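K.L.:
Take this structure first; my questions come after.
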Amino acid sequence: MQDNGRAFRRCLQCPAGSSPDASSGACVPPSGPLRTAASDLVYVLGALNARGAGISTSTATQAVIQGVWEPSGSSRAYTVPQSLPLTSWQGPAARACMDAGDRVACNSLANLCVLQVYSAEAAACQIYDELVTEAAGSSARRNSAAASPRPTTGPLPWLYYVPGTSYLSAEDVDLQVSMSTSAAPLAFVLSVYDINGTWLGMHNWTLQFQVCGARIEEAAKWTRFGVNYASSCSIDLSGLLAQLDFSSNGPRFYDPYLLQASGELYPLPIKLLNKPEIGSSISTTEQSGHVRRFFYIDTQLSISTAATGASSSQAVVYPSAMSLLVQIQPGARNRIYPPLLTIQYSAMANSPRAPSLPAAFSVTYTNPPQLTGAFWYSWQTMLIVLLILVGGPVWVWRVLLYMRQKANAPMDLELLLFAGISAADVFSFMLALVLFLVSFYWLVLIKLQEGVLLLMLPDAQLHNFWVTVVLALVGQSLGLLTMLYEQISVDIFFLDWEKPRRVLAKGGGREEPGPVSAWRGLLVANEWNELQTARLTCPSFTLIFMVFILQGANMQAAAYINPDQNDYSSYANVQQSMLLRFGIAAVWFLVLGVAQVLGKVAVVHRFAGHPLHGFIDLLFLANTSADMFCLLVCSCLHTYLVQVLGKVAVVHRFAGHPLRGFIDLLFLANTSADMFCLLVCCCLHTYLVQVLGKVAVVHRFAGHPLHGFIDLLFLANTSADMFCLLVCSCLHTYLVQVLWKVAVVHRFAGHPLHGFIDLLFLANTSAIILDERHSGYYLHGRNQMHHSDTSLAELNGDLLREEEGLVAGRGLITGYTGSVASISGGLLASGPDAAALNDNQVFLMHVSPELRRRYESTLLSQVEQAAQEQRANKGAVTSAVRGPSRPRGSSMSASASIAEAFKAALDEVERNYSTQELRLFVFEALLFCSLHMTLGNAAVAGFITLLVQRLLAVVRRHWGENNLSRKTLVDRHFLI
């Protein structure tokens, strides 16, 4: 040291066993010159090569780093000459380990081998192999055969498992596991070392090695047995560097253990997927190529001391994929095999332009192959039982029933097509039943089992379940499309039993038959048009409640692979199972569907009447002009208010405004002044009551809906708040309407389908609906009155005579006499006898081939000819949207002629009733569950399902109206 031109020297005391060297100014061993890291490495290599090791001295301090990602996305190997850790620690550690057996030095040498991912070309690994062979014999070298998976290594640490031993399937783990919520979590322990070999103690393994980070409350959730955990992300350079531990000399190294019930530590095998020489080409569960030690993040290996100027790291090596596999034993399911840790290392270029790279950490609790195979065997058994023993007979019965309905028809391609579609429909329903049973079984098993019976299968092993979902959805979609086609092509015909009145001819000299009123037919057609899309359940209600339950109440948390049945918290990294997502959605969908069906069947249908019974009653109700107009006004207002938003933009644009049809009705109703006055009074009364009620009461005390919408927009400042407010608003609106209809309208005014049945009867009109070519349904509406166009007093008198049994009862089977109330007293069919009264008017009918041919040649041929002419004149698209044109005179004559033929054919009928509600419900449930299973978002799944449901409803209604107009010759303008 110099100060103002004068030189000073500091005196140092040399350690014991060394002496000062004046020429070098340092302490040297008594046997020779100064020891350096390079000289120690030369010394060790010389000694080992003299024994035939063959270690290259020129590349001893050279490091090769694989998988460095460039900004362009390519990957290559970086070669680092004179790597800093190798030049600094390798020589002294190897010499101290070889000469003195120093355990700290031996650990440092082993750490340098681990840092190079156990490469067989790395000098540190070769030195480790030679020293282990010298200390414990050739059986301790890597890939050597031995009886025990842990070889004797002397002072050096244990790095390699002996291949060929059954260490992965060992049954000596002294630990019993349980799925109970009171069971203690698994305790994993890490033995930590510094790069220089210093032992840093034991640490519990809970939050470490999660490169992507995690919330504190769930970062250690994976230690609970049965909780599958996975976190993945794309991480950049700054994110990696922020996780470095600057309190050590370099990267830290870890030996993982499992704490057993006895308090002893059980070593865990590690599988590295980077190097082919340690067996990365074989399965991770094969008994070969496993090691004991790993490191986390390293930046020092890529620093070269040979670089001129300031040296810096060229790459950052990190575990891009780390997974822990815990497998139960098939014989004793409360015991586990040794957990297996699998690591994939990657490297990121130490450059600001380096792209973000993937990183993942996962823990999986799984079954052994024997238990997984046993489950899929049970799956196949259930499929065979339901498809063959249940679905097969149902399919055969449907085909035989179809053949019975077409007894005189040849067995041609139509039968084969029906058999194929019916098979897809029936077997897909059986598949849906299997999906529900299996998913419900897994849901109950995972959440409620205390002891370990079976662990949840990961999604990668559920390929068969996914294929079954697709097949079931496709089959049900095919059946739904077939039902839709049958509905929009069904043959429907109304038989008017009304006798014409005798009126004076123009000259006044004689009487002649007068015209029959058309109001009854128009009203019956409108009511049937509404019933075409009637449902036993409400899809909007079901889907809104599904979203509220699954996402609003967070019941979808049951899909987490978490055995705690009371934990409904949301987690970012706890894995969900698509099978459990399907199961929880299917269970709630079924609960809501069954609740609605029971509510309607046990309450609404019992006290307010069945819709089909109301349809038959509606055939009876249209008896007088005043009654007809009142019912018609109510029907018009109800339909218009429900559909106004959807019809203004599309239907009114292309198919015409319903007011035009209403004006046409007014034009037709030009028979008396009292009809028009009564119609106007009803319209004004209904409108004023609604307007005054809303303005004076609802808007006054509850606020205008636009004000509430603005308040919602202001309050919903976050997505969660917006969702909750939206759900609450939707539920409030829907429940108010449902309660009003069920508790008031259906209770006191009656169900609309009961009104339709009464209307058919009062209108003295019957309906024929042919859903098959040679079979269909007959709704009998013929009454015993002299004329349906009569006064209210005469109508009540006829009803009283029917109630007293003075005339034959309604229906073809006249032996039943039910409770019938007069119109002035309320409902036409009331009390517990209403259902039986209406059942006596619904029959299954068979159409002979001769009658069918006459029907087609007389009426349908003219209808088809008119449709072809319309398509030729106006175009196919316009004709499809606007519907059929007004019927011609020849078509009306043909309709009258075929009506007489149908009247003559109504001799032998029998009871029957069917519904398509189950098909629609199963399709909607499958669609929602499969979407929720795939997307994991109940709101999106519900929205898509609602769109599909509304699309189907629009298609059913629009094309059903077209078909109704074509087959009944009621102009579409009058279908309001």
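Any Cβ shown, glycine's included, is placed from N, Cα and C.
Okay, these came from TrEMBL:
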| type | residues | note |
| --- | --- | --- |
| TRANSMEM | 376-403 | transmembrane segment |
| TRANSMEM | 415-444 | transmembrane segment |
| TRANSMEM | 464-485 | transmembrane segment |
| TRANSMEM | 541-562 | transmembrane segment |
| TRANSMEM | 582-603 | transmembrane segment |
| TRANSMEM | 661-688 | transmembrane segment |
| TRANSMEM | 709-735 | transmembrane segment |
| REGION | 870-892 | region 'Disordered' |
| COMPBIAS | 879-892 | compositional bias 'Low complexity' |
| TRANSMEM | 920-948 | transmembrane segment |
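Tell me what's around each of these sites.
P.N.:
Long-range contacts of the transmembrane segment (376-403) within the same chain: residues 411, 415, 418-419, 422-423, 426-427, 429-431, 433-434, 437-438, 464, 772, each at least 6 residues beyond the stretch ends and with a Cβ under 8 Å from a Cβ of the stretch.
The list of residues near the transmembrane segment (464-485) in space but at least 6 beyond its ends in sequence, with Cβ under 8 angstroms from a Cβ of it, reads 376, 379, 421, 424-425, 427-429, 431-432, 434-435, 438, 578-579, 582, 916, 919-920, 922-923, 926-927, 929-930, 933, 952, 955-956.
Distant neighbours of the transmembrane segment (541-562): 221, 224, 226-228, 365, 443, 446-447, 456, 568-571, 574-577, 580-581, 583-585, 588-589, 592-593, 596, 723-724, 727, 730-731, 734, 738, 924, 928, 932, 936-939, 942, 945-946, 949; these residues of the same chain sit at least 6 beyond its ends, with a Cβ under 8 Å from one of its Cβ atoms.
Same-chain neighbours of the transmembrane segment (582-603): 435-436, 439-440, 442-443, 465, 469, 536-538, 541-542, 545-546, 549-550, 555-556, 558-559, 742, 917, 921, 924-925, 928-930, 932-933, 938, 941, counting only residues six or more beyond its ends whose CB sits under 8 Å from a CB of the stretch.
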